[in-house]
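**Q** Straight out of Swiss-Prot:
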type: COMPBIAS; residues: 98-138; note: compositional bias 'Low complexity'
type: REGION; residues: 98-169; note: region 'Disordered'
type: REGION; residues: 187-206; note: region 'Disordered'
type: BINDING; residues: 238, 241, 270, 287; note: isopentenyl diphosphate binding site
type: BINDING; residues: 277, 281; note: Mg(2+) 1 binding site
type: BINDING; residues: 277, 281; note: Mg(2+) 2 binding site
type: BINDING; residues: 286, 364, 365, 412, 419, 429, 439; note: dimethylallyl diphosphate binding site
type: BINDING; residues: 415; note: Mg(2+) 3 binding site
């Protein structure tokens, strides 16, 4: 325990000398004439700035700690004033100041000193003050007096005139009416190391830590975790799935509330997939703006995407359909599997077959289209079927599974093709951004299958060099070389032909569904026409 904090209350003078027997400070008039002469020379040199007439009071502090009561007793031994402080956190109390006859200064100086220590705060005298203040530490003499006789406690000085350490003035035990018990407010002092505090603590101390046990701490909103998803949702997009929902509802006739709820779920999942796709592909831009993780950081972007997926499932519960919850889980599982294959081929530079590539597209891109139409069909079934314009009797909802699978394939293959050839895509994502990512598009898969061996080798080396570019992807010259190779292999024409074939199948499906329902779907036909290459 440090007593430096009490220094302003205890610095009443300067020490002049110590006892040869016990090393205690002694008053000036207790010292022999010869010693006084020496001490006067030394102390005057060290304290030349202290006035000669200043009275000197010597202080000694002793501290003891009671582990059972968690109380600390501080004895202040002052030549002229005796003060005992008992600390029971956080108040130091039970103080009795008594003047003794061993004071080397004048009676007035002793009285002033006692007053300065006791008048911090006045209290009524305590019955226990006499016993608390009468504790005095005895100083045993290590050697007997020179005449082999130990002076009695009632004798003040040794025969040689020095102070007797065993001297005790009986008047010190008397309780004087002018002595008061004072309350000294002191800083909180922790118990010594290894000693546990008492079970009953100060109420203020308990309230300081009440935050750790209270039940009503502030609630945290989803604003921060949702900010990255809100950002990607604000970027301009094609809204293909949203438009498809409106077009398909011409046949399925889902209620406006349910349709809006389904759109919300699909949009949340789509935005989450865009965030994760940009992180996993290493894309730095999306729709002409910085990718989400380039603004919010990769950890926060990933966390926000996971949060959106969880929130989407909560929105599914609002549809009130167990079938919809099962659809959500099944199609989300397919989405993860498809993305896993895409990442595996990219990381290992392993070219898939065309058949496996199409299966990957059905899982990765087609899952959200399939989830959309399955949600709508589930909510249509709750109403008993679809009503036609000519016949109000409900009929079974049409099977749109093949139609949405073809839509998913067309959308993904077209998107990859446009990334290699479209000036609009170049402005939004950069020139041939998919080559920086190393993605195996249908065009690249065809080129690696049908190019001469020399060109195949060059393509494989370019994809390998991409991994050693410190995340910079391919250079502009490398990208132009890839385009030249795929053109030479006829891969761009092959991709356009595949898109036209898929487009024709979509139109055939439209014709069949319109024939079954008797409802022409002009809105869906316009959407297909907009996507035509």
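Using N, Cα and C of the backbone, Cβ positions are placed for all residues, glycine too.
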**Q** At its widest, how many Å does the recorded isopentenyl diphosphate site span between Cα atoms of 238, 241, 270, 287?
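**A** The two farthest binding residues have Cα atoms 17 Å apart.
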**Q** Work through the binding-site residues one by one (238, 270, 364) and point out the residue whose CB has the fewest other CB atoms within 10 angstroms.
**A** 238
**Q** Taking the Cα of residue 439 (dimethylallyl diphosphate binding site) as the centre, which of the binding-site residues listed as 238, 241, 270, 277, 287, 415 lie within 10 Å of it?
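**A** So the list reads none.
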**Q** Given residue 277 (Mg(2+) 1 binding site) and residue 270 (isopentenyl diphosphate binding site), what distance in Å do their CA atoms have, once rounded to a whole number?
**A** 10
**Q** Just the number: how many Å between the Cα atoms of residue 281 (Mg(2+) 1 binding site) and residue 415 (Mg(2+) 3 binding site)?
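**A** Roughly 15 Å, rounded to the nearest whole number.
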**Q** Quick one: Cα separation, residue 415 (Mg(2+) 3 binding site) versus residue 270 (isopentenyl diphosphate binding site), in Å?
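**A** Rounded to the nearest whole number, the Cα-Cα distance is 15 Å.
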**Q** Near residue 241 (isopentenyl diphosphate binding site), how many other Cβ atoms are within 10 Å of its Cβ?
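**A** The answer is 21 other Cβ atoms.
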**Q** In whole Å, note down how far the CA of residue 287 (isopentenyl diphosphate binding site) lies from the CA of residue 419 (dimethylallyl diphosphate binding site).
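**A** Cα of residue 419 (dimethylallyl diphosphate binding site) to Cα of residue 287 (isopentenyl diphosphate binding site) measures 12 Å after rounding.
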**Q** At the Cα level, what's the spacing in Å between residue 364 (dimethylallyl diphosphate binding site) and residue 270 (isopentenyl diphosphate binding site), rounded?
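**A** Spelling it out, the Cα of residue 364 (dimethylallyl diphosphate binding site) and the Cα of residue 270 (isopentenyl diphosphate binding site) are 11 Å apart.
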**Q** Setting 238, 241, 270, 287 aside, what same-chain residues sit with their Cβ within 8 Å of the center of the Cβ atoms that define the isopentenyl diphosphate site, listed in sequence order?
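**A** Other same-chain residues with Cβ inside the cutoff are 237, 239, 240, 242, 274.
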**Q** Can you tell me how far the Cα of residue 241 (isopentenyl diphosphate binding site) sits from the Cα of residue 365 (dimethylallyl diphosphate binding site), in Å?
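**A** Their Cα atoms are separated by 11 Å.
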**Q** Please work out which residue of 286, 439 has the most C-beta neighbours within 10 angstroms of its C-beta, and give that one of the binding-site residues.
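**A** Result for the most crowded candidate: 286.
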**Q** Between residue 287 (isopentenyl diphosphate binding site) and residue 365 (dimethylallyl diphosphate binding site), find the distance joining the two CA atoms and give it rounded to the nearest Å.
**A** 18
**Q** Using C-alpha positions only, work out which of the binding-site residues 286, 365, 412 is nearest to residue 270 (isopentenyl diphosphate binding site).
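**A** Going through 286, 365, 412 one by one, the closest to residue 270 (isopentenyl diphosphate binding site) is 365.
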